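The block underneath contains the structure these notes are about, expressed in structure tokens.
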């Protein structure tokens with residue numbers, strides 16, 4: 001009698017394969033996780049002073065919501081079809097517990113309350129160094145339960161290149177977007193807003209924050225952070241903008257790269273206290289490990305093969 005044995009093809013075996021669906025594993029690692037069409041805006045407008053964004057001009061922008069009670073939490077950015085990068089503090093409760101299945105993501109929205117498509121969350125990943133009583137390692141990743149469908153309202157943003165040094169952003173203009181509060185009772189926060197800001201040196205930023213009794217900032221402003229804001233204050237990210245992108249748009253190609261994630265600040269738009277952002281280039285390897293692992297999981301599913309004896 002022939003006996004069939006069930007043999008499982010595992011991920012470790014697949015990694016020895018030189019080519020999978022025409023693309024080598026090693027070349028995928030070297031190439032990084034940016035999609036080739038990332039960072040292109042279907043609607044390109046000039047930002048003058050900041051205000052309400054042209055609808056769908058930042059198509060990677062997402063809103064993160066709490067399920068029960070239903071309320072808006074934070075912003076985030078699509079970096080591929082199943083991954084949204086945001087701030088760790090958006091994904092952890094005040095008691096240090098992960099939100100996990102108590103949140104969902106809304107993509108393709110301009111009016112965050114009345115437009116867009118909801119996606120369920122498969123997994124929440126918070127950087128292993130993050131502590132809810134600290135501002136360090138403030139980065140997290142949301143993995144969606146199914147891939148988003150790209151269109152003129154939904155696109156991925158580029159992230160910094162894999163295995164490259166920090167880019168000097170001092171004196172560079174960057175852009176933030178979000179549905180956070182504006183401080184003006186007559187202005188709604190349900191429509192996406194945009195603001196161009198100058199980057200502030202970490203040295204100057206640290207001088208300002210060292211004057212505060214910040215228990216969450218015992219190591220000061222580090223190289224894993226970016227500061228941006230006007231010396232006179234008046235315009236800044238605020239409550240509800242957390243987790244959203246700090247972006248740089250290449251003036252030649254028009255391509256947009258997310259360089260930071262809205263993390264924290266001293267109140268909102270205070271003079272000489274710029275907003276502080278998690279520097280994405282410090283965490284590209286971390287993002288690479290997670291997102292590449294997810295792509296491998298989809299490529300190398302466990303497949304049963306029956307071999308007759």
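Backbone N, Cα and C define each Cβ position, glycine as well.
Listed in Swiss-Prot:
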SIGNAL    1-31  signal peptide
DISULFID  38-158  disulfide bond
DOMAIN    47-292  domain 'Peptidase S1'
DISULFID  74-90  disulfide bond
ACT_SITE  89  active site, charge relay system
CARBOHYD  100  N-linked glycosylation site
ACT_SITE  138  active site, charge relay system
DISULFID  205-227  disulfide bond
CARBOHYD  206  N-linked glycosylation site
DISULFID  238-268  disulfide bond
ACT_SITE  242  active site, charge relay system
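Local packing around the Cβ, expressed as the count of other Cβ atoms within 10 angstroms, is greatest for 74 among the disulfide-bonded residues 38, 74, 90, 238, 268. The average pLDDT the prediction assigns to the domain 'Peptidase S1' (47-292) is 89. When the recorded positions 74, 89, 90, 205 are screened for a C-alpha within 10 angstroms of the C-alpha of residue 242 (active site, charge relay system), the residues that qualify, in sequence order, are 74, 89, 90. Classification of residue 89 (active site, charge relay system) by DSSP places it within a helix. Separation of the C-alpha atoms of residue 238 (disulfide bond) and residue 89 (active site, charge relay system): 14 Å, rounded to the nearest whole number.
Residue 206 (N-linked glycosylation site) has 227 nearby among the disulfide-bonded residues 38, 90, 227, 268, counting only those with a Cα within 10 angstroms of its own Cα. The distance from the Cα of residue 158 (disulfide bond) to the Cα of residue 90 (disulfide bond) comes to 21 Å. Here the candidates are the recorded positions 38, 89, 227, 268, and by Cα distance the one nearest residue 74 (disulfide bond) turns out to be 89. Compared over the disulfide-bonded residues 158, 205, 227, the count of CB atoms lying within 10 A of a residue's CB peaks at 227. In terms of C-alpha distance, the listed recorded positions 38, 138, 205, 227, 268 place 138 closest to residue 89 (active site, charge relay system). Counting other Cβ atoms within 10 Å of each Cβ, the lowest count among the recorded positions 206, 242 belongs to 206. Reduced to three states, the DSSP call for residue 242 (active site, charge relay system) is coil.
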